[in-house]
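**Q** Submitted below is the structure of interest, expressed as structure tokens.
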Amino acid sequence: MIGLMKRIKQCNLKINPIVMQPSDGNPRESSPFINNTDDDKGTLYDGKNMALFEEEMDSNPMVSSLLNKLANYTNLTQGVREHEESPQMGTFIGVYLPCLQNILGVILFLRMTWIVGTAGILESFIIVSMCCSCTMLTAISMSAIATNGVVPAGGSYYMISRSLGPEFGGAVGLCFYLGTTFAGAMYILGTIEILLTYIVPSAAIFKAEEKAQEADALLNNMRVYGTCCLTLMALVVFVGVKYVNKLALVFLACVVLSILAIYAGVIKTIFEPPVFPVCLLGNRTLQNHDFDKCMKTEIIDNVTVTTKLWSLFCEGPELNASCNEYFSLNNVTEIQGIPGLTSGVISENMWGSYGPAGMLVEKAVPSVPASVASQDKYMPYVANDITTFFTLLVGIYFPSVTGIMAGSNRSGDLRDAQRSIPIGTILAIATTSIIYLSCVVVFGACIEGVVLRDKFGDSVKGNLVIGTLSWPSPWVIVIGSFFSCCGAGLQSLTGAPRLLQAIARDGIVPFLQVFGHGKANGEPTWALLLTAVICESGILIASLDAVAPILSMFFLMCYLFVNLACALQTLLRTPNWRPRFKYYHWALSFLGMSLCLALMFISSWYYALVAMLIAGCIYKYIEYRGAEKEWGDGIRGLSLNAARYALIRLEEAPPHTKNWRPQLLVLLSLDSELSVKHPRLLSFTTQLKAGKGLTIVGSVLEGTYLTRESDAKRAEQSIKSAMAAEKTKGFCHVVVSSNLRDGFSHLIQSAGLGGMKHNSVLMAWPANWKQSNDPQSWRNFIETIRETTAAHQALLVAKNVDSFPHQERLAEGTIDVWWIVHDGGLLMLLPFLLQQHKVWRKCKMRIFTVAQLDDNSIQMKKDLQMFLYHLRLNAEVEVVEMCTPKLYLMAQLIHDRNTASHAALNDNSDATPERVHMTWTKEKFCTERTRNREPNASVAVRDLFNMKPNQSNVRCMHTAVKLNEVVVNKSQGAHLVLLNMPGPPKSRGGDENYMEFLEVLMEGLNRVLLVRGGGREVITIYS
């Protein structure tokens, strides 16, 4: 041996393993490192002295090759690689700035001052704090998930789906997609509002002739221009998404410059507040569009003349013209719209000022009220355009804190995603939270309250309110916010289709598969089209204030499930849960989840219910129709823990009679092609169980597992396909054994787990047992009966199972129960369970029982009816009398005569012991009965006095024949007949007679179910 080793070493033997595909045809776990079948794999082990592991190299790579592949692994798809930058970005450029750009946006520029003025500084501070706390807690949970392994370029959807499973992942992923799409609509509406209200108001197509029509005209203009803007943006995204990504830095610069301009303006108000006069009539704020001077009259060349303001409230320019009553009673005053940081206006803006739509924006100064206020809505006052209340403002504000997923969505572009995502996201949220909270204070401290509540800046000559505070010019904010909204809209139209494409390519929602396709470079063309259609529905709403709460719901639901995913993984302590980000806790995740849920219902309870209903419908759809995915998710881990806990509890004590239901082990036979012989047995199982309780479908293959492993897996797949076709919910178990008897014995003994074990066995009657050349088939059947009896399990044997109903509903008929011996009540429980299914629902139950010679049939019927009443079962009752002693004596005579003839035969021949035992058939019995009715039978009758008292075969055949006659007479037209199944003989020598007895008992009946109890009560009269 030593010499051989030396020669091998001198030859410098190279071992080149051949890469083999798995021969069983079963998919392995998807991994870029294991089970890889690249063409160059065969050369990975050249020169390695690892002959000991040669046979395993096709499936298990060497550590060196694994590390090499891991180093070269990229999580970017081909389409993304073409358009994204090289994945070398750090925390600041890759996460912090994109989050900053997505968080700061349209709500800050267009609605923040209005929210502060309406809610007051204190309540605005509460709104901002709640929303920012929600996103901060979500970011902590997201950081833990994002650092628990590689996050491919799917971002938030990937994290949620792989943590919570395909059902939750698909539902929340689609909600997040809808939220992103509606966010695009909101940004486009913000863009058009800035364009038509502050940049070029003259571009409006629809113009209001009266003040009351201004709102409708604005909405129509928003719809027309919004649709045009959406079309243009969609074309830009379709033609070149790379230009959108390159322009992102420009849009971010606009946001940053706008923020800096605001803070510069705040500082400047300390020394030199900007001049934006606001005209008040009494305590009411006037729209400063159609007049230049805030006065009723002025003196020109020593002549008092009226101003343009006069003509707005009076019927003419004359001094004696009839004027509006409130105009006549109150003076006009002019105040500064931006009094400055040190003016003390902060105390006036501390509290909220909510009110209905049409309520005038008034300052807390004395005024003389008019007797009639019906004409106020036609006057140029600043008024609320919508009804305002605290919860509405929460819903409108929340979109301004979304966008925290921007960093995780770009995880494929980061140099070190597991380090950059937590730091960049949390820093961005902290920065924006400080900006928002400081803005609440400085807006309330610098701007007059009536100007804050003026949503569209009508009191400051149509200027953007936040722009009046900026330095050096309001146009900095106007232009900056315009490009910021444009950029955010383009980013939404870029991100939403990619998210939909990722969901479609996962294959969990079948009807979305078409949206997984796109251009040759991977761009999601069809997903972009659907996104544009949904976005258009948001634009047709035309109101920024109406669209904002809708997308708030979808984003809040997404954040809720991110927190749930982190909490579940932490509590379950799954082995793969090892995030690098350590500053998380399940309590923080639950707090974030609770805050998300609270904000949903605070913002809009009906929108929250609709969003939850949509998510629930998607969840059930994916569960019902979606492709099965195993992603090692937390919900599955939770299910495993719950199942383990329940199994341990179940094993503590056997189930009470009130909780007993048949937990079935269905024994199936397979043909030579490994197909199920009797699929209707599965249909009957479904009808009997109605999806409740345990169902284990088992089968046995002859041989050894090493030689028939692939056959076992194919058989399991065949049974699962049959179960799916018959809608049978349960588990499949295929056993390979040296013989069928031992295999079925193993199933009966070991199927199930802990307290979740079967208590009943269902099998088909071996219909062709007489014609079979192999007596072992029916002997296995009898041994199975003996084993179930020994295991104290119930047994159900279905005859003519292929004629049992499939899915079609049976017409009105009966289920007949022949209750011969008490078996624990199983015979009466089974028809009741069948009647719960739609197939058997129209069938009525009839119970027949047999009276003996000394029984009172009338009293038996009354007692049985009372028993059924206490059992709460509706059934017809009939007592059948069986009394034929003459027939019984004749059967005994036949038995003696045949036994004597067989004994004489055995004296004259060398018969084997097997031929001594006569096999009793109904034909033999009837023939002998006829012969003994002839005159020469008188000699045989005298032999009756010489008979032995125990002739069991004769008595069994007599019972089978007579009982069969009665059952056929009463129940031949029944849809199903249930019979007590007698036990097999103790001596195996009478097994063939036993099969004959059962065959005779069921002759002439179509559908029969033989029932043998498990030795315990299964039905009770007590509640």
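Glycine is no exception: its Cβ is also placed from the backbone N, Cα and C atoms.
Pulled these features from TrEMBL for this protein:
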REGION    19-40  region 'Disordered'
TRANSMEM  91-112  transmembrane segment
DOMAIN    95-270  domain 'Amino acid permease/ SLC12A'
TRANSMEM  124-147  transmembrane segment
TRANSMEM  168-189  transmembrane segment
TRANSMEM  224-241  transmembrane segment
TRANSMEM  248-271  transmembrane segment
DOMAIN    384-665  domain 'Amino acid permease/ SLC12A'
TRANSMEM  386-406  transmembrane segment
TRANSMEM  426-452  transmembrane segment
TRANSMEM  472-490  transmembrane segment
TRANSMEM  526-544  transmembrane segment
TRANSMEM  550-571  transmembrane segment
TRANSMEM  583-600  transmembrane segment
DOMAIN    679-797  domain 'SLC12A transporter C-terminal'
DOMAIN    806-1023  domain 'SLC12A transporter C-terminal'
**Q** Averaging the per-residue pLDDT over the domain 'SLC12A transporter C-terminal' (679-797), what integer do you get?
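**A** So the average pLDDT across the domain 'SLC12A transporter C-terminal' (679-797) works out to 87.
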**Q** I'm a bit unsure how to read this: which one of 91-112, 224-241, 426-452, 526-544, 583-600 has the highest number of Cβ pairs shorter than 8 Å with the transmembrane segment (124-147)?
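**A** Maximum Cβ contact count belongs to 583-600.
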**Q** Using a cut-off of under 8 Å between C-beta atoms, tell me which stretch among 426-452, 472-490, 550-571, 583-600 contacts the transmembrane segment (386-406) the most.
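**A** When the Cβ pairs under 8 Å are tallied, 550-571 comes out ahead.
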**Q** Just give the helix, strand and coil counts over the domain 'SLC12A transporter C-terminal' (679-797), going by DSSP.
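**A** Within the domain 'SLC12A transporter C-terminal' (679-797) the tally stands at 57 helix, 26 strand, 36 coil.
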**Q** Residues of the same chain, at least six outside the transmembrane segment (426-452), with any C-beta under 8 angstroms of its C-beta?
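**A** 95-96, 99-100, 103-104, 108, 112-114, 116-118, 120-121, 124-125, 128-129, 132, 135-136, 139-140, 143, 259, 262-263, 266, 269, 273, 276, 278, 280, 285, 335-341, 343, 345-346, 348-350, 353, 361-363, 382, 400-401, 404, 407, 459-460, 465-466, 468-469.
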**Q** Can you tell me which parts of the same chain pack against the transmembrane segment (583-600), counting only residues 6+ beyond its ends and a CB-CB cutoff under 8 A?
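**A** For the transmembrane segment (583-600), the list is 130-131, 133-134, 137-138, 140-141, 143-144, 394, 398, 552-553, 556-557, 559-560, 563-564, 566-567, 570-571, 607-608, 611.
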